[in-house]
Amino acid sequence: TLKSELQKKFMCEEVWKSAELTKDYKNGDASLQLMLEDGKVRMDRRGLNITYHSIEHTLDPKTKNLPYLRNPDILVGENDLTALSYLHEPAVLHNLKVRFVDSKLIYTYCGIVLVAINPYETLPIYGSDIINAYSGQNMGDMDPHIFAVAEEAYKQMARDERNQSIIVSGESGAGKTVSAKYAMRYFATVSGSASEANVEEKVLASNPIMEAIGNAKTTRNDNSSRFGKYIEIGFDNRYRIIGANMRTYLLEKSRVVFQADEERNYHIFYQLCASAHLPELKNLKLSNANDFLYTRQGRSPVIVGVDDTKELCTTRNAFTLLGINESYQMGLFQVLAAILHLGNVEIKDRDSDSSVIAPNNRHLTAFCELVGVTYQDMSQWLCHRKLKTATETYVKTLPRLQATNARDALSKHIYAKLFNWIVEHVNKALITNVKQHSFIGVLDIYGFETFEINSFEQFCINYANEKLQQQFNMHVFKLEQEEYMKEQIPWTLIDFYDNQPCINLIEAKMGILDLLDEECKMPKGSDDSWAQKLYNTHLKTCSLFEKPRMSNRAFIIQHFADKVEYQCEGFLAKNKDTVNEEQINVLKASKFNLLVELFHDEDKATSPTGQVQGTGGRTRLSIKPDKSREKSSKEHKKTVGCQFRNSLQMLMETLNATTPHYVRCIKPNDFKMAFTFDPKRAVQQLRACGVLETIRISAAGFPSRWTYQEFFSRYRVLMKQKDVLPDKKLTCRNVLEKLVQDQDKYQFGKTKIFFRAGQVAYLEKLRADKLRAACIRIQKTIRCWLARKKYLRKRSSAITIQRFTRGYQARCLVKFMRRTQAATVIQKYRRMYVEKKRYRQKQAAALAMQTILRAYIARQKYQSLLREHKVVIIQKRVRGWLARCWYKRSLIAIVYLQCCIRRMRARRELKKLKIEARSVEHFKKLNKGMENKIMQLQRRIDEQTRENKSVNEKLVGLESSYTVESERLRGELNRLRGVEEQAKNKTNQVTSLLEELEKLKKELSVTQQEKKTIEDWAHNYRDEMEKMVSELKEQNGTLKKDKDDLNRLIQEQSQQMTEKMARAIVQETQQLETDLNEERSRYQNLLTEHLRLEEKYDDLKEAMNVSKPGHRRTDSTHSSNESEYTYNSEYAELEEGSRAAEDVTRGIDTSLTLKLQKRLTELEQEKQSLRNELENKEEQFQRARARDDAEFKKARGAELEYESLKRQELESENKKLKHNLVEMRQSLLGNAGASSGAPGSPAYKVLLEQLNSACEELDVRKEEVLILRSQLVSQKEAMHHKETMTEPSVYAEDVSKLKDADELKQACIGLKDTNRSPRFMRKPLEVSELLSRLRSAAPDFHKLNEDGELWLVNQGLKETIRLLEHQLQTQRRTYDNEVEALRGELQNVKEENNRQQQLLAQNLQLPPEARIEASLQHEITRLTNENLDLMEQLEKQDRTIRKLKKQLKVYSKRIGEMGAGQTEGQTSPGQMVDEPIHPVNIPRREKDFQGMLEYKKEDELKLVKNLILELKPRGVAVNLIPGLPAYILFMCLRHADYVNDDQKVRTLLTSTINSIKKILKKRGDDFETVSFWLANTCRFLHCLKQYSGDEAFMKHNTSRQNEHCLSNFDLAEYRQVISDLAIQIYQQLIKCMENILQPMIVSGMLEHETIQGVSGVKPTGLRKRTSSIADEGTYTLDSILRQLSAFHSTMCQHGTDPELIKQVVKQQFYIIGAVTLNNLLLRKDMCSWSKGMQIRYNVSQLEEWLRDKGLMVCGAKETLEPLIQAAQLLQVKKKTDEDAEAICSMCLALTTAQIVKVLNLYTPVNEFEERVSVAFIRTIQTRLRDRCESPQLLMDTKMIYPVTFPFSPSSLALETIQIPSSLNLAFLTRV
């Protein structure tokens, strides 16, 4: 059956319910079969729950009206109620409920009305990021918001030059005050203020004051406004806030003296009572709020979550900000405390007609003290009243009730006066002298009210709402009419409710108010008589006026919202509003000045006050002009009703003169429960506030409106290809005529198509049916394809299974057959085996028997043979043993004899060999010249050897014969002895052998048994060991497994620890990087703030110069000595600016003066801190210098001591050598015998030892001398290095010191050369010569003495000693000279140090300017002296060179004459050297430039003007090298540094910085200009670093570039200044790019359909939405990409550093991602599946652009991660818990608030999409609640990443740069 969704009205709490048809409806049916939407359970009239499947709804037989149709699901939850296809009350209520409860959206548009539902919960949707997001946006482009209404009002004010009004209305507790407050906050944030007076802060500061004195807790609202107010916020011609004015209406004065249950008095009373403990409030004599009658009647003195003490602090701060000083505040608090004390004054009955106050009443005494009146007068007139007649005046007593009422009336009157006074002073604080150009009014007024008992207050409120509703209806009708006329479609007059008759009933002549005023004038007028007049006048003539059936003191009025019954009791008294005149006179006579000021305009009559006061305690309060005080007393006596009517008329005139904007606040429930929707209460308020009337007016015409392009895009699926024409308008017309037959259902306008109610739903149904049919066809085809694929897969699978099954069966059959055959074979062989085994057993038994028998016979035979054989063996062994014994004894004797002889001969031979080896080898070593003697000795040794050999041979012959003979004799002797012994023992040998044989047999048997036992034990032991080994192997395996597990566990833990440490290191690194970026960002923000203050200061200075011409200060004094970036110059400029502005300061706000003074104080403090830091640094330097000197002296002393010890050691060694020489002489002289000259003699040994030790000592002393000299040289160099390092300034070097250093170096070289001098090298040669002579001497002592070699040795030693002494003396003299030179140099260093310290002390006593001047003068003097010395040396060298050249020229001429032919084609060195001095060669060296540009000081302004101010970036970037201005400026700076002109350097840098700032200020919106100067500023900064001389910046320099480094000045401080300037330019560049990209981002990234047809446009309401179709004026993604490419190419042309370009691109992509995501989070229409696909495609295009430009690693892609995840979130499934888990793991870059917001905003565009359930969103929130993140919803689009400028050296040589003539820099000279 066909199902259609319906809504059926039931008389229950839900007002309307959704139901669904279960049976088709046909014409004529009397009932409908329905199914309720919410679960088949319904409560009947008896309150019982009845379960049913369907219900029957009977139709009205007369009207046959069907229930309202419900909108399609895709239209439910729309931002604008007028976008609904079916416009009626249930549709509006359902849409509001879905948005409020399900999506947590509190704002909804209803045409021109913003419906705001109070959430009773603080929402994060009012921050500055939200304000920035709505600023500049169209109202229909963003989700509904109070900021959107405020932005629309602000934009229309600026665009249409027309004043605006925002009318905020609603019930108490609906959120009117909060909405008005947020609207004012929006204006204050967006517009700013026209001056530094912080007007916007003052406007916002008025809110806490007015809330304290005009708001109170009611049963419906904890902060209910008990008055109406209209605030006009004034703007100047630049639309900045200049002031405000407030008008108030109907203050509820009765609340001062009475509060209902669960209500409170005004907040200010409770704030004072809560703060009574403060010292300044002690004199008010306050206590707890429950102690006072006026604050305890409601029995609810505390509001949950509100701290009244803190609120009082806020109120007092607001008073202070608005200019109400402390004394006035205390006066106000005195009046308020006096009112509380007055309420506690107890009046007692004296009798029935009089009353009395007890004497010394504590509260009345406190009241009189606080207000400054006498106790007697006040107590008198509280209980009495003065009556006047025509002739006399008399005093009348008052009964207690009237006296109490008079007391309460006085309290109300005082509070009303106090309220008026505060409002008046607030307005004075908000008024400025600037002319107001336009204003925006914010009306915060009460809504329609109806209670059980309605009195004069409700009458006035509903009267005001009738007037406002009339104005609203007229405005809505006017807008509808204008829309129809603009689109040129025919229209008829729409019938709408006109409440003019009701207004006439109230305010017309003889109306209710006229009759009330007339009755008040009657002497005996009463409420009853007035009621009768009303009945008589209007009961029969006006249908809107009715009389209640059961009452004669009430009347009923039919208002636009509902019927209201008013009780007449109290109308007259409230309309008169009288106060006792004598009480007022007593207060006027007060000594309290503030109280007198409150009543200074009080008229003496006791009739109604001059201020517009409302009845029932409500007062209309406005600031009257001065001429109002001149009105007659008659006008002052107007009734409250008349005054309220007049003020309401003025308000309506103001609203009619402005463009109104409406905000209707709805209270969702009466219990203040968060996000709880009560449909019944909502419908009442929607009817009362006119929202349903707006819906009705819209539904009466054409509520649905589409542009032709949007209609074509949405319903293209309903068209055929032939229907599509080039003209979209004609195409839509043709299609509509086919789809909708009734032409009255739509109209074609100029730009739009207008539809009647329900037509869009019909078209959506057709579109859904068409899409459904297409989906069914696609599904059918896909399912068919899937089914066929599945069938083919099944068929293939079945065939495969069959094939494998049949193969398996065949294999099984073959296997069975094989097994059968195998079994037969096995049986055959088994049987054969059994038979063969039986045969073998029988054969084995027979063989065993034979074997046993034969073995027995053989053993018997074997035993007999064995016995015979053993006897023979025993005999053989005994005889052999005896022979062997004799042989061994003979052999030992012979061997011993041979050993003795051989030992004797070997000793003799060894002795000879030793003598020969010692003499020959030694003399070989001593001298090669002794070969002849050695040969003689060798011949002598050979002869002796031959003799020894012959003797040895004879000896060996004798020994061998002797040995043979002795052996023979010994053998014979032994033989005889053996025979004798054998004869003796022969008899006993046989018996002993037999006994031994028996014993051996027994031992053999025992041994066999033991062997068997041992074998058994061994077998058992082996088994046990094998078992134990197996167990051990198992244990070993277990242990290995455990070991492997432990190793694996250790490795895993190690890996985990490594990963953990790596993660910790990465996190720590990231944290450090984050901290660094935060510090860098903080510094750059401070720099931005500093620059902003500077710009503001410059603007003020210019303004002062303009206001006072002729008194201008030149800039020469400003830039003469210091840069503008030094604090001293800033301070001086501020002082001069302040002196120049003395006559103009009256026009400047005092707050600016205070800020400037505060800034001056901060700068002075910073200057003082810098000065103190400088002094501390200087003291630390002096202490370090003194410490280094002391350490140097100590080290030098230790070195001197060490050297003296070395010298003493050398002397002692010299003495030792002399002593050794004397000993050698004595030994030689004392041993003159012949034997002493032998080679082995003691004299010979002593001589050799002395010579060897002398040689070793010489080598050691040589090494020591070298070490000492190298130490001296290193000490010199270290001392020179230390002096250089401890020098206080690089400019404090002295030429004489440099000269000394050179001399020291030359001395070191001389010392090294001394070590290699011929004299020193000759020493080892002389010693070696002496040794060779000694070695050449003969071993014979006589021959040695004959040659005189000992004397030569003695002479050699003497020469060696003399040489050592001479070397020692030379070394001592050299050392003494070096010590003297070092002492002189140390003295010079000390003098220079003292001189520098004196100069530094003198400079520290001078002021900073004089200090710098003195140091510069000293430096100039020193450098001048050095230059003079160098010039003198240069002249000497030139003279020497010229002299040498002349000589060389003469020699070259002679050589040329001698060999002209040979040297014709060659060039002599003299000619090569002499060529440069010829005049003809001078012009050829012009190309050898030094990379400097010279200019005159008077040309500096021309240089800056031509190079910076008037330079066109486009031409420079295209035609010249990148960074040319930077190179030119640096080359000029190099020349200033080269000539050592500090003033020229300073002025050039200052002028450059100021000029760049000026050009940025002038053309800061031009991207090319900003990019050009960013590139040049960075290049200039890199040049300052590259040529600074620092090694860190010189790594990539060429040798030529190193020669170009700055030589005289350290510009590190200026590098920081220029770096700050580069940061400023970078931020300006980012702002410029942001301004260009901002209009493109939302249109290109969100609204434009890059993939056409993916997302359809949903129906829109009255609020127009930006079209997603690319028109001529709209931006697309290609526009963004083109703009990014333009940015990139421009920066590349300007030569911007690649790293800087990466940072710029990263910032660009962050802006794109942040703006897109923020708009996505604020636009419900953009949160759909298809839009997610569009966003992901757009992001992929941006990534492709990055890839093409090679910028994928710059971090730009990561900035788009939140946007990518938001797009993915729109496309993923959102149903199950698994989906929730996937979303939580996927969306890591999004905050919880952003994820929930996207899910809440997710809106289906087609019927096939589903909404996100509330349960799923709660699941997401539960899973994400543990996240630690910022609660901020939107991304900060103003955030700028901190910028860095990595050093990028240039390979360009400065000397090769050419200056083009187009720059007009001909006055620059290349050097």
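Numbering starts at 1 and runs along the chain as displayed.
Placed from the backbone N, Cα and C atoms, the Cβ positions cover glycine too.
Per TrEMBL, the feature ATP binding site maps to GLY170, GLU171, SER172, GLY173, ALA174, GLY175, LYS176, THR177. Under a cutoff of 8 A between CB atoms, and with a sequence separation of 6+ in the same chain, the neighbours of GLY175 (ATP binding site) are ALA116, ASN118, CYS665, LYS667.
Among the features that TrEMBL reports, coiled coil is placed at 920-1103 (among others).
Model confidence over the coiled coil (1153-1227) stands at 62, taken as the mean pLDDT rounded to a whole number. Marked as coiled coil by TrEMBL: 1153-1227 (among others).
Residues or ranges marked as coiled coil by TrEMBL: 1354-1454 (among others).
Summarising the annotation, TrEMBL assigns compositional bias 'Basic and acidic residues' to 623-633.
According to TrEMBL, the domain 'Myosin motor' annotation covers 76-768.
The domain 'Dilute' annotation in TrEMBL covers 1550-1826.
Taken from TrEMBL, the feature region 'Disordered' applies to 605-638 (among others).
Residues or ranges marked as region 'Actin-binding' in TrEMBL: 648-670. Long-range contacts of the region 'Actin-binding' (648-670) within its own chain (CB-CB distance under 8 A, at least 6 residues past either end) are made by residues 96, 100, 110, 112-120, 146, 149, 152-153, 156, 160, 162-171, 173-176, 179, 183, 220, 230, 247, 249, 441, 443, 447, 463-464, 467-468, 471-472, 475, 676-678, 681-682, 685-686, 689-691.
Per TrEMBL, region 'Disordered' is recorded for 1105-1127 (among others).
Fewest Cβ neighbours within 10 Å among the binding-site residues GLY170, GLY173: this applies to GLY173.
Residue density at GLU171 (ATP binding site): 24 other Cβ atoms are found within 10 A of its Cβ, drawing on all protein chains shown.
In sequence order, ASN118, ARG220, ASN221, SER224, SER225, GLY447, CYS665, LYS667 are the same-chain residues whose CB sits within 8 A of the CB centroid of GLY170, GLU171, SER172, GLY173, ALA174, GLY175, LYS176, THR177, the residues recorded for ATP being left out. The region 'Actin-binding' (648-670): residue composition by secondary structure is 9 helix, 8 strand, 6 coil, according to DSSP. Listed in sequence order, GLU211, ASN215, ASN223, SER225, ASP444 are the same-chain residues six or more apart from THR177 (ATP binding site) with CB atoms under 8 A from its CB.
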